[in-house]
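According to TrEMBL, the protein has these features:
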type: COMPBIAS; residues: 40-50; note: compositional bias 'Basic and acidic residues'
type: COMPBIAS; residues: 58-79; note: compositional bias 'Polar residues'
type: DOMAIN; residues: 85-220; note: domain 'DUF4142'
type: REGION; residues: 40-83; note: region 'Disordered'
Amino acid sequence: MLFSILSLTIKKVSMKFLSKIIAFAVIASVSVACGRDARNDLDSQSEKGEQTGFGGSDKTNGESTAGNNSMTEDSTNMHSMHGMDDTKFFKTASDGGLLEVRLGKLATQNGSSTKVIEFGRTMVIDHEKANSELKNFADGLNISIPDALSETSQNKYNELAQKKGNDFDQAYATLMVASHQETIELFRTLYNSGGEQRLREWAEAKIPNLEHHLQMAQMLQVGANGSNGQ
């Protein structure tokens, strides 16, 4: 009888112990599996991060560097445009204006057509006024501009000064068309480049008058090429 009771007790204890062992094993298995899944998720996220540029990969750094370089280049271009516009504009526009005045006076002397002579007088009046305004702008910005023709402009003047009559009319009209096209482009470039605001506004206001000069010069060119100065 005693043996039976002991045997039954041992069996109950063994069953409880075995149940605890099984439960512990199940919990451990679940923990291991969860840990493995977590590590897999982390590895997967890490791989995705490298592919999409997260995590400081070379690709991301490369794209970021390219973007920074692009911004730097844009800033440099804008700075260089702003820095060269005013000074270059003053020198180029001043030289062109002086040439227009000198050639206009020459047209009143060497021209054979009344229209050419009248056009020359108009060039003297309009460009002397513009040159004076331009000099005032330059003085206000402490920019010095030449008061004599450049070598290139002087050569143009010397070549035209050797002509008279209809030959002069034709050459003068052709030169006026080309020079006013260049001047209009110069003024438009200044206006669009972001230079000094008041100077840009002044240049913009002068463009319509320059375009009118161009139209007049084109008409002179047609007339001079189709006649003998009559």
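We number each residue from 1, going along the chain as drawn.
A Cβ is built for glycine as well, from the same backbone N, Cα and C atoms used for every other residue.
Each of the listed features needs to be described in terms of its position in the shown structure.
DSSP assignment over the domain 'DUF4142' (85-220) gives 117 helix, 0 strand, 19 coil.
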For the domain 'DUF4142' (85-220), what's the model's average pLDDT?
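A mean pLDDT of 95 is what the predicted model shows over the domain 'DUF4142' (85-220).
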